[in-house]
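Q: Input: one structure, supplied below.
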């Protein structure tokens with residue numbers, strides 16, 4: 001287990017200095033910062049392999065960043081980065097290494113974990129995935145009727161669903177033209193039923209993605225999919241239409257899946273970081289092995305940038321520290337993600353899971369209570385639509401909401417000047433949120449009004465501005481740039497967890513509700529005695545029974 005390196009970060013001198021700095025600068029307006037420094041964009045932006053980070057539209061000065069870098073050093077961020085990279089067991093509550101970065105290593109790389117080269121294991125699994133995916137994509141993998149596969153249904157939940165779904169959606173321009181990939185996660189039966197009603201059992205392949213092969217939601221969907229399939233074929237045909245991403249060979253075999261078609265991964269890969277592993281099989285089936293390798297290469301490029309760059313030229317570190325500035329010192333509490341790309345519309349949900357499951361913690365690594373704000377609420381929506389939904393609150397509401405704008409500069413689907421319109425809207429929003437509109441500017445607009453009408457309308461049209469944002473501009477959404485983008489947010493979340501003193505790699509909060517659900521399930525059918533819950537839960541159980549005649 002990793003040595004316990006404990007620092008009461010909120011008792012440090014730099015923590016106090018950051019609070020003092022926030023109080024001294026909280027009324028500073030970004031409009032003034034830009035007016036005083038015409039080179040602000042050049043000084044507060046950086047680029048890596050076609051990915052530009054503009055963090056100039058933030059309530060930060062060079063002094064702010066100096067203090068935040070001091071905070072990172074005080075938290076021993078570089079040490080924690082090195083410990084993660086080398087395979088030390090930094091997931092202390094589960095006594096595990098955290099090595100999703102190893103999944104992105106190039107061929108021939110070496111990473112020894114307790115005397116064993118895990119990079120070689122990774123590439124052995126990749127080779128098997130490559131062989132299988134090429135059989136399916138080239139029409140050589142045939143179903144029970146001798147036809148090639150036309151639809152792939154991924155059955156998973158959490159990290160076994162959302163990461164692959166986001167990557168496959170974003171990279172639809174690279175998808176096989178005759179192979180559709182579907183994702184089913186919800187235990188609500190309509191999710192699976194509405195997917196299957198459009199499919200042909202003879203040309204459908206199911207991926208059951210569950211490391212333990214015991215995840216209740218996934219197994220319920222897998223059993224339902226199996227029953228649907230058996231209406232058209234015999235049990236002997238299951239092996240042609242079901243594969244598993246799992247490490248539980250006996251359970252996989254009992255289901256009817258050939259263990260030769262079981263693809264494993266390791267306990268040092270957390271679910272929300274697993275798209276880079278065999279969990280990414282649906283992505284590989286969609287875009288092909290070479291493109292999937294480019295996706296891994298993009299992630300690896302961000303890894304190298306993260307581990308090797310100084311803090312002041314390090315995208316994940318900068319995003320993380322600026323996020324801490326708002327969340328912990330401004331107590332902003334939320335952070336919005338707006339991708340201006342339809343293919344990235346589910347990216348906010350992925351980042352939401354990644355961030356909130358990792359850093360939604362009230363205790364530190366040693367179990368000590370934390371008396372400062374940690375993980376923010378992450379939310380968002382694709383950009384153009386969100387402008388007509390919640391941007392009103394961003395512009396004229398009472399809350400500070402830091403935002404990330406994600407903008408591909410080129411589209412795979414150019415229609416007239418529509419992409420120019422999209423880009424113009426994105427850039428306009430970042431400027432409007434920063435600048436606002438002051439009284440003099442509104443008065444010029446309303447120069448034709450006077451008296452009560454002017455007095456009434458003037459305050460309605462004021463925009464305070466000073467709402468912070470980062471802009472991440474990609475040349476184009478490609479497998480490589482998507483890999484960089486997803487790895488960027490992984491590392492950002494890790495940095496924030498280190499500074500807050502959190503173990504970002506467990507998720508005990510997910511378990512309690514599952515325990516209670518197992519208790520409540522038999523009570524819904526009336527097969528138990530007295531209910532032992534609070535009056536609300538007991539009342540809801542009885543209400544359900546009444547509606548179902550139980």
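Glycine residues also receive a Cβ, built from the backbone N, Cα and C atoms like all the rest.
What Swiss-Prot records for this protein is below:
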ACT_SITE  357  active site, proton donor
ACT_SITE  388  active site
ACT_SITE  514  active site
REGION    527-550  region 'Disordered'
Q: Taking the Cα atoms as reference points, how far is residue 514 (active site) from residue 357 (active site, proton donor) in Å?
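A: About 15 Å separates the two Cα atoms.
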Q: Distance between residue 388 (active site) and residue 357 (active site, proton donor) at the Cα atoms, whole Å?
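A: Per the Cα atoms, residue 388 (active site) and residue 357 (active site, proton donor) stand 29 Å apart.
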Q: My understanding is the cutoff is Cβ-Cβ under 8 Å with a sequence separation of 6 or more in the same chain; which residues meet that for the residue listed as 'active site, proton donor'?
A: 272, 507, 509, 510
Q: Per DSSP, residue 388 (active site) is which: helix, strand or coil?
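A: Going by the DSSP assignment, residue 388 (active site) belongs to neither helix nor strand, so it counts as coil.
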Q: Across all the protein chains here, work out how many other Cβ atoms are within 10 Å of the Cβ of residue 388 (active site).
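A: The answer is 9.
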Q: DSSP helix, strand and coil counts for the region 'Disordered' (527-550)?
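A: For that range the per-state counts are 13 helix, 0 strand, 11 coil.
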Q: Let me check the 10 A CB neighbour count of residue 514 (active site). How many other CB atoms are there?
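A: Excluding its own Cβ, residue 514 (active site) sees 11 Cβ atoms within 10 Å.
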